[in-house]
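Just below is one structure, and these are the notes that go with it.
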Amino acid sequence: MTWRYKRRQEGGCVRGFFRRCRWFLKDVVIADINAAMGSLFRSEEVTLAQLFLQSEAAYATVRELGEVGRVQFRDLNPEVSAFQRKFINEVRRCDEMERRLRFLSTELGKAGNEPRPAGNVEAPDPQKMIDLESKFEALEVELKEINANKETLCRNLLDLIELQHILKKTQVFFQEAEAQSMRPGRERRLRARDAESDKRGLLVDSEPETAGGGGQAKFTFVTGVIAREKVPAFERILWRACRGNVFLRQADIEHPLDDPVTGEQVHKVVFILFFQGDQLRTRVRKICEGFRATLYQCPETSGEREQMTVAVSNRIRDLKSVLHTTEQHSLTQLQEVALDIDSWQTKVRKMKAIYHAMNMFNLDVTQRCLIAECWCPVKDIPEVQAALARGTERSGATVPSILNRMSTSDQPPTFFRTNKFTSGFQAIVDAYGIATYQEVSPVPYTIITFPFLFAVMFGDAGHGLLMAVFAGLLILFEKRLANTDVGGEMFSTIFNGRYIVFFMGLFSIYTGMIYNDVFSKSLNLFGSSWDPGYPYGFGNEGEPPQVYNIEDCLGNEGVEIGDGEDQMSEFPTAAMEYHTPYPFGLDPVWQVSENKLVFTNSYKMKMSVILGVAQMFFGVILSTFNHVHAKSYISLAVEFVPQVLFLLCIFGWLVFLMVAKWVTFYANSSTAPSLLITLINMFLEFTRLPSDYVVEGRDAGENEYSVFGPSVQLATLQAIIQKGLVIAAVSSIPVMLLVKPFYLKFQHKKRANSDEEARQTHIAEQVGGEGGEVIHTGAQNGKVGEKTEGHGEGEDFEFGEVFIHQAIHTIEYCLGTISNTASYLRLWALSLAHAELSEVLWMMVLQMGVSMGAQQPAIGVAALFFLFAFWAVLTVGILLIMEGLSAFLHALRLHWVEFQSKFYIGAGYKFVPFSLDKKAMEGET
Amino acid sequence: MFNSSLFVALPIITIFWVAVFIAGFIVPFLIPKNPNRWTIGTMIATTAICCYVFWLIAFLAQLNPLIGPEVPNAVAAHMRRAWLGWKQAKTYDTCYPSW
């Protein structure tokens, strides 16, 4: 509609056309880009806003704001310590609730209960806090009680089980003893025994019924249970402390017993100690205590023991049933908890976050109102206002909350609206530094140039295909993979960068096709341009005079072709059919040629420089958007323009020379000029012309001195152009260095003068005027003061500082241009390394199997099977993962250092909105 | 003497990538609702530049070669057999002894 209207208005003349073009650019394209500023070109406009919240509505409003997640609160009382803030009590109560919930969830974990995941639960109203608190407290108390009961029961049970074992084991001891006592000649044997077997005798003597004469004291015994690992020490101590007068018998309990306190399984041993006298009894008891052995009363007669055994097993049965019921009870309790615990945790966490946010607010003088300051993206203000209205409505407050935009000299936070695709690339840039507010962001270009530069280094279509398929699968199943955390941190890193990896793979396929490398082999899609039958030509069935076939050639040194020394056939450059290069990428003939590296090195080196200069030039161009946005036209004129001149006059010229050399046909290819020497001589032989060389006897007529052609005139032309370029490049350095600081100084002086003048006139007015005007002038004076303040840096203008800053900047740029261009040669180095590695891997591993198969097919097939596995593992492990990582790092560096240093300051800080979103909250804690 | 690379491959590939580049500026107008439309457009245009420059460098580097490939004799013989259908080959000595 607007189109047609405009056309009618402006008529069809040429001027009208230009006007329409301008209108289209300005009102359609630029306006649309501006409207789409939510995208990544520069960070979004963020404003400071003041919120007035009614005290009773504050909680509900902050809750709504948190659910929206679009504002970042500023701490208005940073000097107040955390313990003196207004809502610290509530925060503490939330902490207490969190502690209780943690207790409950550990209990759940012990019982092996999985909590039911709750969806997005809203934070509860503040009145509900007490309910929750009491609920959690009751649950905690109950569970603790159950646990205590369970522990006592378990301990009792353990005691009984141990007693049962004692009864069982001691029975054996006593039976043994009885059996011995039945034997005759006991006394005699006893006397004859040595010290060690004495113990046995003691045991026999200890039997009450066998204790004979009244002169002999009665043996007593103690029974108990001790942990198995303590037995040797226990035995030793007993022996030493009682001087061997105590006799110990022991028997293992076969099954480990549960320790009721720690819940661990312990192997224990039943022991029985025999001794004589009360003194020993106390000593033995002390030692037992020291070793934490539990002692049990064991009846002396076998009848009593049997009775006790029955009683004990009855009690064990009872206890077990009681324990079972208790456990059932606690399980049902925990099951109920498991249903709700996740939602409770979310609720409490949200509540705590809300009170934390409210602690940053200021109280109004009237105490009726909370004042908050927040950063808010301008685009989201309507949404925030809607949230405010909802909060007021839900809390039932009568007075609505108010949002006021404020102006500030503080730098707002940097906010980019990213999605799952762009966030990975944004993260790459953020890792270097968060963009300064509203600065040009490299992200939209990095999305492509990063994978592209990666692929220049990684160029192999086969490897790229594997990478793209892998990342493509991650993308295809991203919903399923996002919710399950399998594979740990390494996997999640790759998963988060899946779109980057996917693009890296795609571009690697493209660059691999250009390099004509597919797993280090070339494809001959269009037919090589090099004619192996030269000079007979392609397809021309010449009549060869000599019988010659491939079988003769294999391993047959006798066939003499070419120069005959190294059995090489060199295709002359004329063998390239009519100088028609291979239409897409490198000619496949290079893959099988021995001098492949001579060609690819020259090609890739030049390619690196061209890509590097292009990217750096683009970076310098991007800096203009920063200058225009900051309305710093002086920077545009005396920084941007000389920067461009410096870059283009040296390295732009080098790129031009490269292209010119490629395009020019050199009849005698050995006399083609060396570009490196040309570039060096541009500076070193600045004062000389090619005609001088002729005088010196060097031949300027050869095209050694010019890419354009073999004539002195052309060489002179090039030399003159180069002199002009050197002058332009060198003279741009002082412009970069000097003009801006002096301009700023001049500006500052001018401003200071005008301020001074203004002040003078005020004083004059004040002096000349009546007394009644004093107030008025005072007000105006205040205004003047404000104005100078408004200029900010104008007040404390330090020329030295500005100059040093500019000098550093200039030196950095000029040296950087040279070193960064050299730095781009890593593109060549890494792609060379990658191509060579994959070729070596092919030759050393897979080709071995193939050649084996040519001689002995049966063995070859078997060997090839394993060799292929080996080759595949190495391809993935070394060429894909390790080489991929290294190419990734180098691409990262090229973007961070070489590209971004041309325009990106990265001195901002991130916009972190207050959000009750589950993910955001987990990220915080 | 028809130079197929210069007169077929060069124009076709140039036109293709220029078209893609221009598409980068048209696409944003086709998806006016998408908040990332200019990011998408930039991506398309940047892709076109990168890919075209990369292809062009490889193409130009081979336009006027300064050296020819040195191929092992066995491979050269095989190329003649496979590509030219020669059963027999002549030696280079008889073809061009001068270089």
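Every residue gets a Cβ built from N, Cα and C, even glycine.
Unlike curated entries, TrEMBL annotations are predicted automatically.
What TrEMBL records for A:94-156 is coiled coil.
Away from its own ends, the transmembrane segment (A:452-477) comes close to residues 494-495, 498-499, 501-502, 504-515, 517-520, 607-608, 611, 615, 826-827, 830-831, 834-835, 838, 875-876, 879-880, 883-884, 887-888, 890-891, 894-895 of its chain (Cβ-Cβ under 8 Å, at least six residues beyond either end). Positions annotated as transmembrane segment by TrEMBL: A:452-477 (among others).
Per TrEMBL, the feature transmembrane segment maps to A:497-515 (among others).
Proximity of distant same-chain residues to the transmembrane segment (A:609-628), defined by a Cβ-Cβ separation under 8 Å and at least 6 residues beyond the stretch ends, is recorded for 42, 439-440, 442, 445, 449, 453, 456, 635-636, 639-640, 643-644, 647-648, 651-652, 654-655, 658-659, 817, 820-821, 823-825, 827, 894, 898-903. As annotated by TrEMBL, transmembrane segment applies to A:609-628 (among others).
According to TrEMBL, the feature transmembrane segment maps to A:640-658 (among others). Note on the transmembrane segment (A:640-658): residues 606, 609-610, 613-614, 616-617, 620-621, 623-624, 627, 675, 678-679, 682, 707, 722, 725-726, 728-729, 732-733, 735-736, 813-814, 817-818, 821, 902 of its chain, located 6 or more positions outside it, place their CB under 8 angstroms from a CB of the stretch.
Residues or ranges marked as transmembrane segment in TrEMBL: A:665-684 (among others).
As annotated by TrEMBL, transmembrane segment applies to A:720-743 (among others). Distant neighbours of the transmembrane segment (A:720-743): 634-635, 638-639, 641-643, 645-646, 649-650, 653, 678, 682-683, 686, 689, 799, 802-803, 806-807, 809-810, 813-814; these residues of the same chain sit at least 6 beyond its ends, with a Cβ under 8 Å from one of its Cβ atoms.
According to TrEMBL, the feature transmembrane segment maps to A:827-846 (among others).
Here TrEMBL flags A:858-882 (among others) as transmembrane segment.
When Cβ-Cβ distances below 8 Å are used as the criterion, the transmembrane segment (A:497-515) is approached by residues 420-421, 424-425, 428, 447-448, 450-452, 454-456, 458-472, 474-475, 478, 523, 584-586, 600, 831, 835, 884, 888 of the same chain, each at least six residues removed from its ends.
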